[in-house]
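Per TrEMBL, the feature domain 'NADH:quinone oxidoreductase/Mrp antiporter transmembrane' maps to 23-287. According to TrEMBL, the transmembrane segment annotation covers 59-80, 92-115, 151-170, 177-195, 201-218, 230-254, 274-293. Annotated domain 'NADH dehydrogenase subunit 2 C-terminal' per TrEMBL: 289-342, in sequence order.
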Amino acid sequence: MNPYILATLIFGLGLGTTITFASSHWLLAWMGLEINTLAIIPLMAQLHHPRAVEASTKYFLTQATAAAMLLFSATTNAWLTGQWDILQMSHPLPVTMVTLALALKIGLAPLHSWLPEVLQGLDLTTGLVLSTWQKLAPFALLLQIQPENSLLLIALGLISTLIGGWGGLNQTQLRKILAYSSIAHLGWMILVLQFSPALTLLSLLTYFVMTFSMFLIFKVNKATTVNSLAVAWTKMPALTSLAPLVLLSLGGLPPLTGFMPKWLILQELASQDLPAIATIAALSALLSLYFYLRLSYAMTLTMSPNNISGAAPWRLPQTQLTLPLAASSLASLSLLPLTPAALALLKF
């Protein structure tokens, strides 16, 4: 892709998200979401591969449906209350509709079925943008409206954690596994959204760091399937020994960074007299942990010469920058001691 066109599209991504961040009017927020969507679609289709074009088409149709729902709910709110302010969503009907529209945009279950298929058709770099940056603008709107429909949010959160864990169990494609991992993590964030929006934001940022690290590890290894991870040990032993720790951090095991948001979310749910919800969420994390352990096993405990039909990758020197990978991996593994500082920030 022409670098000027690429720079324009990346600028459009940033502009759309910034407009949504800064808006207090529903039409302006909707415009920011549309700019964001239209900027990423050429990036998704740049490979000119049938799967990439199919993924771009599915993504466009899904986001257009969610945007139409969002606009309809904002219009309904203006009709019922007489104003377009995001912070003044008070009627339960538009609040429910806009929550479902934003759930469709970020891929919460049961509105999730587009996300694994779309992510599977993309290269790892664009998939990383879709899994991280594209979540920011809808989450900014969710944090602003702070929907009080507790039953809807708890249902979306629980279904997402269960489907995110259950759906990834039998997958062999790494991008689909990361998509189901995204759905499960989003479920944890939505569970605690109405009780502690700051904790949702902390969980989102932690998820971004760990997912960024995981995508970069797969990108360095040029791996897109579980079986292709078997050759990682012979190519990069240091990185391969680090990757299972990042995967376990995604699973939420102590003493790694990923334990912090899950711990705080379970503590918050218990303090809100929701022990059954907290128990189901904690048990659903075991499903996700299973396929993270499966990836760890494929990377570290399987031998390279196997019966997979495919060309062996060349062991050429790496040319891509590994400093972002080093920084994100360090953050994914070692931020748990900062939990008291995070708790102090959450109280403000």
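Placement of Cβ uses the backbone N, Cα and C atoms for every residue, glycine included.
A contact between the transmembrane segment (274-293) and the transmembrane segment (151-170) is present, since 3 or more of their C-beta pairs, 6 or more residues apart, lie under 8 Å. Long-range neighbours of the transmembrane segment (177-195) within the same chain, counting only residues 6 or more positions beyond its ends whose Cβ lies under 8 Å from a Cβ of the stretch, are 103, 106-109, 112, 115-116, 119-120, 127, 131, 135, 139, 142-143, 146-148, 150, 153-154, 156-165, 167-168, 171, 203-204, 207, 211, 214-215, 226, 250, 261-262, 265, 268-269, 272, 277, 281, 284-285, 287-288, 291-292, 295. The stretch with the most CB contacts under 8 Å to the transmembrane segment (151-170), chosen from 59-80, 92-115, 201-218, is 92-115. Averaged over the domain 'NADH dehydrogenase subunit 2 C-terminal' (289-342), the predicted model reaches a pLDDT of 77.
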